[in-house]
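What Swiss-Prot says about this one:
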TRANSMEM  6-26  transmembrane segment
TRANSMEM  45-65  transmembrane segment
TRANSMEM  89-109  transmembrane segment
TRANSMEM  111-131  transmembrane segment
TRANSMEM  204-224  transmembrane segment
TRANSMEM  238-258  transmembrane segment
TRANSMEM  266-286  transmembrane segment
Amino acid sequence: MTDSTLHLLKAFFLGIVEGLTEFIPVSSTGHLIVIGDWINFASSSGKVFEVVIQFGSILAVMWIFRARLWQLIRGTLTGVRQEVNFTRNLLLAFLPAAVIGAIFIKSIKQVFYHPGVVAVTLVVGGFIMLWVERRAPHTPGDAPGAADDTASDERASAHTLEQISAKQALGVGVAQCVAMIPGVSRSGATIIGGMIAGIQRKTATEFSFFLAMPTMLGAAVYDLYRNIGLLSQHDMSAIAVGFVAAFLSALVVVRAVLRFVANHTYRVFAWYRIALGLVVAAWIYAK
């Protein structure tokens, strides 16, 4: 196997990792940092590779929600109240991370982008998820790990996207700021933040997917603009392979997650985070 073929296989693998982990609460960035280090993936285009494969993931979620997205855009432009309110909530949730990111993202990456930080945040985030899920009420007859995702969930005040309040949306936005630290997980922070704010689990998950569109698109455009000079012709094939792999795998994951959260909690992901964090810590210690 030639070096160029091996490089493409690594890019394909990392694209799959990005697509599989971007929309579940396990931290795609943390996985890319750790696994990229494990397989010794080196891109001459630097940050551009990561930006492009994340763009592949966000295009997948936009494709899946294309009908609802078009309804949102059309309704907002024509003044439909519930669509205007939904757009307002997305803007409120987007702004905190946009402001904090514009000011501090360079410092955050310099200080926190390290496997050791990922190990700690994976474990801590896992225990926080377990704590939040433990607070979620269950109905009699639920299977182990299943939760009530109906209006009988008395602790949730928002059971649909239209019922989310401006205060709840802003709370989700503040939670998203924490996800700038690798290993925290953007989807995990926004979903758990939403649940703490009183948004039902499935609705919080859907809101997280919609919030990912402006957040990830904005971050991708900003990072691509800042790093376009690093783009190498030699790396174009690897970037294209990673993009396609991320897009296709994200298509599968987003649909699967929406089905999963209708009848299950996020506990399995919490335990996965804790286990992976301990493995990463052991690997760092053994190096």
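Just so it is clear, glycine is given a Cβ too, placed from its N, Cα and C backbone atoms.
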With an 8 Å cut-off on Cβ pairs and a sequence gap of 6 or more, do the transmembrane segment (238-258) and the transmembrane segment (111-131) reach 3 or more such pairs?
no
The recorded stretch from 45-65, 111-131, 204-224, 266-286 sharing the largest number of CB pairs under 8 A with the transmembrane segment (6-26) is 45-65
Residues outside the transmembrane segment (89-109) whose C-beta sits under 8 Å from one of its C-beta atoms, at least 6 past its ends, are 164-166, 168-170, 172-174, 176-177, 179-181, 190, 207, 210-211, 214-215, 218-219, 222
Within the same chain, the residues 6 or more beyond the ends of the transmembrane segment (111-131) and with Cβ under 8 Å of it are 25-27, 30, 33-34, 37, 181-185, 188, 192, 266-267, 269-274, 276-278, 280-281, 283-284
